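> Pulled these features from Swiss-Prot for this protein:
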- Asp61, Gly62, Arg66, Asn136, Asp137, Arg147, Lys164, Asp166, Leu201: NAD(+) binding site (BINDING)
- Asp61: active site, proton acceptor (ACT_SITE)
Amino acid sequence: MYKKIGIIYHPLNPAACDLAIKLTAKLDSLGIENWSDSAWQADKLTSKMQNTQLIFTTGGDGTILRTAHAILPLEIPILSVNLGKVGFMTELSPEDAISGLEKVLAGDGWIDERSLLEAEYLPHDSAQSRQFFVMNDAVVARGQVARVICVSVDINSQPFTTYKADGAIVSTATGSTGYSYAAGGPVLQPNSADIILTPILPHLGRGYSLVLPSDSTVDLQVNTWHEATLSIDGFINMQVSSGDTLRLRRSSKKVKFMRLRPNNYFYKELDTKLKGNNESVYDR
């Protein structure tokens with residue numbers, strides 16, 4: 001029995017806000033403790049997560065990414081409503097939100113576990129390192145000036161290559177349908193723990209993606225006279241300097257999704273979603 005449920009919504013999507021209100025009213029009518037807040041206030045949600053057993057999201061994949069970061073290192077299941085455009089990670093249509101909630105409360109559903117990466121940012125000047133969880137991808141890329149950068153790659157502490165390119169992407173299986181795919185990377189089955197390494201527009205060569213075993217460690221070192229950036233899951237962004245390193249490895253933590261569809265849903269919907277990948281502004 002669920003005793004406490006959270007609702008996290010996209011604050012700039014009116015439909016997402018309205019649905020959050022309806023879900024709150026439904027939970028109130030059932031006498032279930034609940035709370036709701038904006039996905040853009042994720043850093044302020046820690047205290048609300050205490051004893052929360054399920055998180056309902058109303059938005060798109062971007063809302064889910066922010067929610068996952070807010071939940072971690074806890075592993076509270078996420079039940080998501082697609083009010084974005086593509087919704088690779090979402091579970092329910094807006095029309096099915098209330099009935100989907102009722103089914104889960106009645107004991108239906110199964111847990112879909114997704115692997116994460118842990119990223120450690122190591123500045124070249126020995127300043128304090130920073131740690132991040134990565135659900136989709138970590139991207140080291142050029143800045144606003146249209147100049148290629150060099151990204152040296154080590155795999156398991158052994159030199160692999162240096163990309164002279166717009167950057168490089170390290171992706172999870174969950175993120176394989178995102179930026180990595182757009183850069184020519186493969187699509188992995190979402191429960192895979194493998195890691196994808198993909199260059200972005202490499203100079204003097206087509207480049208190729210590499211699928212690495214789940215126990216791999218990948219180091220990306222920036223070498224450039226120009227501006228460079230680091231982006232984690234598309235919303236944690238910072239400038240980086242020449243000599244800085246990003247170290248990535250698989251995390252022991254998981255992100256858990258509550259599913260109501262059959263467990264072959266990914267293959268049934270993959271082709272349709274990839275062909276119709278026209279993102280809504282509200283999916284960011």
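Each residue, glycine too, has its Cβ placed from N, Cα and C.
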> Secondary structure at Leu201 (NAD(+) binding site) (DSSP, helix/strand/coil)?
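It is coil.
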> By the DSSP assignment reduced to helix, strand and coil, which category contains Lys164 (NAD(+) binding site)?
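Looking at the DSSP assignment, Lys164 (NAD(+) binding site) belongs to a strand.
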> Hey, which of the binding-site residues Arg66, Lys164 is the loneliest by Cβ count within 10 Å?
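So among Arg66, Lys164, the binding-site residues given, the one with the fewest Cβ atoms within 10 Å is Lys164.
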> Any idea which of the binding-site residues Asp61, Asp137, Leu201 has the thinnest Cβ neighbourhood at 10 Å?
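Among the binding-site residues Asp61, Asp137, Leu201, the sparsest Cβ neighbourhood within 10 Å belongs to Leu201.
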> Reduced to three states, what secondary structure does DSSP give Arg66 (NAD(+) binding site)?
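Helix, per DSSP.
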